[in-house]
Amino acid sequence: MPVRISPSILSADFVNLERDLHRIDTADLVHVDVMDNHFVPNLTLGLPIVQRIQEVSPLPLDVHLMIDDPDRWAPLYAETGAFSVTFSGEAAGDPTTLARAIRGAGSRAAVAVKPDTAIEPWLDLLDEIDMILVMTVEPGFGGQSFIEDTMPKLRAAREAIDASGRDVWLEVDGGITLETIVTAVENGADTIVAGSSVYGKGGTPNPSTGSRHFGPLRAG
Ligand SMILES: O=C(CO)[C@H](O)[C@H](O)COP(=O)(O)O
Ligand SMILES: [Fe+2]
């Protein structure tokens, strides 16, 4: 099973964002966290900045929306040319219509579930989506610890995806280190988001890499 890496620019240096986008250009995707200070208690960036990142990024955009009213906003992020747009399942009014709108605008559609959200209702949506994101931390902040209790849910999602025969990706996001990436992949993840372990907790690129390569991931 191929494993894709999607570094999160939440831990990049926003003043030097174009530089930091190029420092991960051997990864597969770039993960862009959009937070609105309503769905989560943190505020990051919005549509105009995602549009601009789309113009300069060497990698396809993996946009992760942690916002209220994704039914209104998510299709607009898809229209920027984003490769993938993930909405938070708990915030969506009509997930099926929303997934169709995202796909209709040319992006892959994905649904994210928080650590305490049951996965089963979302497995009915496998025909309509291209990826499930199992959050392995409470959404809102980088640098948190991986919640191991989410692993049974990840395995349930893997089993349902495999049984469906559909090419639906399974992403994890939050607390990924050199240790937890192994746990996540062993439990079925094929797409890995990593912020602080790639860029460093200080918001600067990981000095241990010494190159433009995204790895090795830094533990802790
Ligand atoms: O969605 C997110 C937080 O809500 C981030 O993508 C995630 O936390 C990445 O950061 P780290 O790898 O440091 O945990
Ligand atoms: Fe994220």
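Cβ coordinates are placed from backbone N, Cα and C, and glycine is handled just like the others.
In TrEMBL, the substrate site is described by H64, G140, F141, G142, G143, D173, G174, G175, G195, S196, and among S8, S107 the residue recorded at this site is S8. Of all the binding-site residues given, namely S8, G140, S196, those whose Cα is no farther than the 10 Å limit from the Cα of D173 (active site, proton donor) are S8.
Note on H64 (divalent metal cation binding site): other Cβ atoms within 10 Å of its Cβ, all shown chains, come to 29. Considering only the recorded positions H31, D33, H64, the residue whose Cα is spatially closest to the Cα of G142 (substrate binding site) is D33. The CA atom of G175 (substrate binding site) is located 15 Å away from the CA atom of D33 (active site, proton acceptor).
Apart from H31, D33, H64, D173, the residues listed for divalent metal cation, the same chain places the Cβ atoms of S6, S8, L10, V32, D62, V63, T86, L133, V193, G195 within 8 Å of the centroid of those Cβ atoms.
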